[in-house]
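Annotation comment: Swiss-Prot describes 287-294, 357-361, 417-420 as GTP binding site. Residues annotated as compositional bias 'Low complexity' in Swiss-Prot: 32-47. Here Swiss-Prot flags 96-107 as compositional bias 'Basic and acidic residues'. Taken from Swiss-Prot, the feature domain 'tr-type G' covers 278-492. Taken from Swiss-Prot, the feature region 'Disordered' applies to 1-112, 242-262.
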Amino acid sequence: MSRLSQLLNSKKAKQKPPSEHPIGLSSILKQDSSSSSDSPNFFPSSSTNDHQERDTINDTNFVVPEKQKTSKLALLAAERKKLHSSFPSTQQQPPKTEKEKEKEPIQAKHKKNVENDFLLQRFRKVRIAEKKDSEQPSSHEIHLTDDDDKTTLQKQMVESDQLKKNPQEVKLAPPSSFAKCLTGAKKRVFEDQIEIHLSKSSLLGFNAPSPDDIVLMAQSKSKSFQKHKRLDEQLLNSVKSMKKVSQQLKPQKNTNDSNNDHTLLSQDQLIELSKLVKPRTKLLLLGPPKSGKKTLLSRLFFQIGSFDPKTMQKCTVLNAKKESLSSVLKSTKTKWYDFETFSNSYSSTIIDFPLGIFTTNASSRDNFLKHSSLFQVMNTAIFTIDCLNPLEGLDGISSILQLMNGLSISSYMFAITKMDEIEWDENKFINLVNSIQSFLKESCGIIEKSKFIPISGLKGTNLTSISQEKLSQWYKSDTLLGKIDKEADTNHGTWNFLLNLPLSLTISHITPLPENQSHIYCSIHSGMLQDSQKLYVGTGRLETQITGLSSDENPKGFNVAGDMIQAKIPTLPNLCPGILIADSIDAFTSSKTAYVNATWFHGSLEKGKSMHVIALFGCHAVLTKLYCFTDSQEKAPNAIGNDLERNRTSLVKIELENAFPLVKESYINTLSRVLFVSEKWNSLIAFGTVLSLHD
């Protein structure tokens, strides 16, 4: 007899009504099927009769032999019982004590289980629908088992109960995968990497800076820039304190005036304060079109930290926006671009110069005057040569080198651009340098190989650091910035000498203002300038006073040689660009006659043609007579044509139509440079330096 039959017989013996305790197998299966029909068939639900039968079986003390066989129905019942017990139910067993009334009814818990089963089935349906819709399933998809589903559901139910009880103590988390599935939202496939296209980058459109460049930029910002910013503030405070002391030392009638801006410092005080001012060197960037001038200029500015990111975003070479560099960097009317080097902390100025300005097809008089006067103030020239087209533009470079030699400008260098496109090949670089040297040898003499620098303006290589393995294996000289700093060292003594000279500045641009006033843009060539200072304008020495002085430099209370300033002056007769302004009547000698060491362009001298002489950064006068000294004899221009063909450098005597300021070479070289221009202002005839003056 089976164990189940023995159990039934024992129950009948006790004469208990079967309606109250249905313990038969048929009744057990019937109740299971009826209870399961009310709920989804995925999970078997528990019922009250099951609990009663388990209690009844546990109450019996009958022991079944181990080897006793069981029927198929008994195995099925045990299997369903095992399946039911494998899912831990959240409902609590009804205690046998009196606290049973306080617990939730079993039917409510049964309904809750039915709802959970329904949600889980919907979860699976959504998952299956997503797999069918997506062609490439996500690698991050997590396949949960039934146990995981049940556990996840229980955790979310507990969290929702806590949120209802203590809504302020529970922190809300992002939506879970389960919540997204319930709402029908499709999951997006995660990307392992995020690619940012260079053309859409907010900072640069070319390659990112190297680690060396990042360090150098950090140094320039943190050390040099901050250091000199403090020095500029200290200098401005010193100027204000000196003016305040000078104001207090004035007579009693002027002490009530609290404005110290119009108080002038003495020359000794200015010289002492000028020791805190950074030296200034002026660079000229020259090269044929498409040789990489603006790319070089922009990348150099970026690497030394002169640009803020907002300005960088506007440049053509830095992003996809088609804006020219000159339209972005509008610092002054003359388009000089200021920057500072971090090694020696010099303040430098650079300009992009057109090579064709000295050809017969040059532009108008004003444009020629503006560009030709740059050679009278420049210290260093940088020529850009495309390594892919090295011979392009060498004719213009040859003419400018002749001009620089005649003006005693020996500081220049050649930047061989786009070297990254030939993979920094040493042999190609050497052959390129040899071809340039041989081309310029006849007209300009031998050029040292140390003046040639291989660079890449696009990638920034060899501008501030080499940071390229192949280049560092054979190039052992300085970077472009290192050579600029060395040239600034050589020009430092000249700059100090300029500060001790009388004040001289020339007007580059004039804008009329109401009330008989004019707004002027000027370049200071020597001396130092203060606001409300008394000045003398032009050869007529008209007295005036400058007001509203400002500059693009950091405010320091005064301006020195090399600065470009803006100011207001009363409108005067014959006030025009190029006119000289000085602080003393006898500061510069005006003369009609001078001896000049001149260098002539080939075939530029024409018989019977008049010329203009440009001196002192824009001042000019008509040349009436010219005498050349060859073979120790004075000859007229029409008698020395053949001699000029043989000897292009000669001593000349000039006689001008009207007297204008000229400076001897012994005074200072940059102030003594003169240019000879054709009558139509379209070609350069000769250039040189003034050796002596005669009344």
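Quick reminder: no glycine exception, Cβ is built from N, Cα and C everywhere.
Sequence features, as recorded in Swiss-Prot, placed on the structure.
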| residue | record | DSSP (3 states) |
| --- | --- | --- |
| GLY287 | GTP binding site | coil |
| LYS293 | GTP binding site | helix |
| MET419 | GTP binding site | helix |
Would you mind giving the whole-number mean pLDDT across the domain 'tr-type G' (278-492)?
70
Rank the binding-site residues LYS290, LYS293 by the number of other Cβ atoms within 10 Å of each Cβ, and give the residue at the low end.
LYS290
Quick note, MET419 (GTP binding site): same-chain residues at least 6 apart with CB under 8 Å of its CB -> CYS387, PHE429, PRO454, ILE455, SER456, THR461, ASN462, LEU471
Near the Cβ of GLY287 (GTP binding site), how many other Cβ atoms are there if near means within 10 Å?
26
